[in-house]
Amino acid sequence: MLLPKKMKLLLFLVSQMAILALFFHMYSHNISSLSMKAQPERMHVLVLSSWRSGSSFVGQLFGQHPDVFYLMEPAWHVWMTFKQSTAWMLHMAVRDLIRAVFLCDMSVFDAYMEPGPRRQSSLFQWENSRALCSAPACDIIPQDEIIPRAHCRLLCSQQPFEVVEKACRSYSHVVLKEVRFFNLQSLYPLLKDPSLNLHIVHLVRDPRAVFRSRERTKGDLMIDSRIVMGQHEQKLKKEDQPYYVMQVICQSQLEIYKTIQSLPKALQERYLLVRYEDLARAPVAQTSRMYEFVGLEFLPHLQTWVHNITRGKGMGDHAFHTNARDALNVSQAWRWSLPYEKVSRLQKACGDAMNLLGYRHVRSEQEQRNLLLDLLSTWTVPEQIH
């Protein structure tokens, strides 16, 4: 049966409208997909180091950037909850806490803090986080200013704990500084998680400088040192304990460095090794290198701040403070302040790490005191690692 002409025309118009609607749906879907892809992926950065290696300073280099949410050593809460445990037994708990914080899930701290109302000042060293001292966490200080920790502590300590999570979610980069990992294996699940886009900045320092700094702040590090020694503490003479701790630290830094080279190239490209001494000699250039690695713009006011903070007169003896200091003198201080006997013993404990990372041994007190003798070798990173 033939359809009337009006019916044919109506069907034709309906079909054309359906095609047009489908076209607009597909077009809008593609535009939506493109805009979603155009949004920058959130970057998660782990500054991985050890105590007294300049990591607080490196943390501040990231933390003062207006695009960064930064926390300093959140795993401190895990270790202080389980003081009788060992570093290796706590690796998984530390890793799980780090993952949660990267995802801005601050309920993870419930297991490590007293129940009841909390403030953001309940977090260890919270005042070192510019993000917790500016909006949306604390509206008093402008977001794009360099914020001294003393001002932060004075003005923002009463903010409720809930603002930590809110602040975390408002930044493109989440940076955590941690000194409580002793191998890379425990971090594999985070490295392989595509949703995290994890980048590791591995900061190392001359073990002799680390040892000298640890001696001057040993009271602050007593609990951490006991956890590192674990069951070995009772077997070691008191005078041997600092060297054992340094041996463990050196071995762990060495293993982390070597392990990264066995990973697939895609993972190796998310690892950056930085020597503190290189940073001390060329702070602006090395900071630029780290910023570029994680996709941050090196803003002019930050360049000025980095220059000034590394040209002060302080020697950086406090365990957790970052203030103006002469970075080059700090990196060399062990050469005139440590007895050669201690240096010689330390070189035996950390020799492999020193050799691989480019720290030359001294063979006499005369070599140690001769500041014209450069003990930092010109060191090329293997091709597959930045």
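Quick reminder: no glycine exception, Cβ is built from N, Cα and C everywhere.
Remember, predicted model here, so these are calculated numbers, not experimental data.
Residues annotated as 3'-phosphoadenylyl sulfate binding site in Swiss-Prot, with similarity to another entry given as evidence: 51-57, 205-213. In sequence order, Val179, Leu203, Val204, Arg205, Val210, Tyr276 are the residues of the chain that are 6 or more apart from Ser53 (3'-phosphoadenylyl sulfate binding site) and have a CB within less than 8 Å of its CB.
As annotated by Swiss-Prot, N-linked glycosylation site applies to Asn30 (among others).
Look at Swiss-Prot and you will find Asn308 (among others) tagged as N-linked glycosylation site, backed by sequence analysis. A helical conformation is recorded for Asn308 (N-linked glycosylation site) in the three-state DSSP classification.
According to DSSP, Asn329 (N-linked glycosylation site) sits within a helical segment. Under the heading N-linked glycosylation site, Swiss-Prot lists Asn329 (among others).
If you look up Swiss-Prot, you'll see 1-7 marked as topological domain 'Cytoplasmic'.
Marked as topological domain 'Lumenal' by Swiss-Prot on the basis of sequence analysis: 29-386. Mean model confidence for the topological domain 'Lumenal' (29-386) is a pLDDT of 89.
Taken from Swiss-Prot, the feature transmembrane segment covers 8-28, and the record attributes it to sequence analysis.
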Other Cβ atoms within 10 Å is the metric here; tell me which of the binding-site residues Arg208, Arg212 scores highest. Arg208
Rounded Cα distance in angstrom between Asn329 (N-linked glycosylation site) and Arg212 (3'-phosphoadenylyl sulfate binding site) is 13
Run through the Cβ atoms and count how many others sit within 10 Å of the one on Phe57 (3'-phosphoadenylyl sulfate binding site). 24
For Trp51 (3'-phosphoadenylyl sulfate binding site), just count the other CB atoms lying within 10 A of its CB, please. 22
Students should find that the Cβ of Ser55 (3'-phosphoadenylyl sulfate binding site) has, within 10 Å, a number of other Cβ atoms equal to 23
